[in-house]
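I have placed the structure first, in the form of structure tokens, so that the comments after it can refer back to it.
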Amino acid sequence: MAAALAAAVAAALGALLLAPGRTQSRGEALAAGPPPPLKMDQALLLVRNELPAQGLRLAARSAACHRCSYQLLAVVPPSDGGPGAAAVVDTQHPLSLLLNGSRAGSELCKIQYHFGEFGNYSLVVKTLSTSAKTISCDIVINEGPINSYLPSYLKCLCSYLCCVEMCNGHARLLSQCFELGSPSTTDSISSDPSPRLWCATSRQRLRSLDTFRGLSLIIMVFVNYGGGKYWFFKHESWNGLTVADLVFPWFVFIMGTSISLSLSSMLRWGSSKQKVLGKILWRSFLLILLGVIVVNPNYCLGALSWENLRIPGVLQRLGLTYLVVAALEILFTREMSCPALQDVLPSWPQWIFILTLEVIWLCLTFLLPVPGCPRGYLGPGGIGDFGNYPNCTGGAAGYIDRLVLGEKHIYQHPSCNVLYQTTVPYDPEGILGTINTILMAFLGLQAGKIILSYKDQHKQIMSRFLIWSLGIISAILTKCSKEEGFIPINKNLWSTSYVTTMSCFAFILLLLMYYLVDVKRLWSGTPFFYPGMNSILIYIGHEVFENYFPFKWKMQDSQSHAEHLTQNLTATTLWVIISYILYKKKIFWKI
């Protein structure tokens, strides 16, 4: 009841906030003829040419498009009393407008402007002084834009409060957390790609780890459902970060933490290394199989067949990462002997292996010859780099995937496709990036070793989390910039700087959750704790049932952020409620 009421209130607020401004302006718009229909994140720009005997060419470039060439928006005829021309412009990021005259080499003006969604604007071009031939280019607001962001804050708040109310109304804080509905602790691995966690000498469970996993998962579900179609809930086109770029590496990180704690527990409870290694191999195989057959985005291209089967994917990468990191840990684990660095030194064989993998990534990325592309290219291709390398998307990473897997077996619509107008397929979960995913999981494993090495020494654990969260390596690699670093932060490439930056964030977030949930017990982890206890079921479930009611329904206005946000938050909240019910029923899906 609380969830339904919150959703209804949020929908009403969104409708009230987004309703004004949706109709097109009369006057200028009608004078120029029927205006083009506007979609989300678009505005209408009318170009009025008052220059005698000279036509205009209007081009634009997004501020988010690094080193891109200008793209033609409209051709405006000479001033003869006509209505001018209309163009649809993007409102997600500021635009740089370039206005050229029809005469050769005549650049009239450049304008930087951030248009508002569903706004109606005029660009008036006229001569201020005939003698001096001074040209003015002024943007006039015919009809103001709408505020499409306020509903997102209100609805996110309503959804969170409704989940907290529902969970707190029924859940009790457990004084001793144990694994419900699962095998015995001597034969226990979680339903996640990472095993369930057990402290070394007690059966009390660290709620902060499940809370961390659940938070990552719920944000992942929300952005996969669309995130209200807001640009900051979509993956960054190329370099940089948005909210959507945070969650997958966090999930990988906490998987590594779980591996450390669970394998230590299993060995302490008497399981042989051979038996544990067999479970690791079986779990990795199942994750890869589920990713290839069940959660495969190329279903949208038709019935799943070998011709359009996407081989890489999220679960496939999790499976391979889990296999490598868990196998390394079970094969090379040893007793901690050095009190000063007991969380690091015993892992020196694993560190050598991981650093060797990183050297391989660097060599392939910067030294592998890619036909038609500069060596070490890290750009998006398309119109990036002024259109000089249109088919070089991803450099060596894209080339290896296309060469080894084939163009039809990788992701067909990368996030750089729209902004950079790329034409070649590129897979963000491809072969080369898996190396750095393994590095991310290994850094998470390091967090688990800290917890094991300094059990019940809260200050020691938190201080080491803080030390590991220092982003010195990231600062050097990126030069503290988005585009100009040696290795920019890039989720599509899973660049080294992306991994080091995300691990810094993960250590900080884990520190906060550990302090609030397990040390001070100021927060029970609600509502994220429950999805964290059933993460694989929730992830696969939200993918399989994405297009079915009640997770999706036909919208009255598909170009409304408010309606998309209502639908996406409702679907995400339903999965939180489902995970809570499964927890209360002691149902945990194991693979």
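Backbone N, Cα and C atoms are what each Cβ position is placed from, and that goes for glycine too.
Unlike curated entries, TrEMBL annotations are predicted automatically.
Per TrEMBL, the listed range annotated as transmembrane segment is 247-268 (candidates: 159-180, 247-268). Across all of the domain 'Heparan-alpha-glucosaminide N-acetyltransferase catalytic' (205-328), the predicted model scores a mean pLDDT of 90. The transmembrane segment (247-268) and the transmembrane segment (498-516) are in contact, since at least 3 Cβ pairs between them lie under 8 Å (pairs 6 or more apart in sequence). Put simply, of 461-478, 528-545, 565-583, the stretch with the most CB pairs closer than 8 A to the transmembrane segment (280-299) is 528-545.
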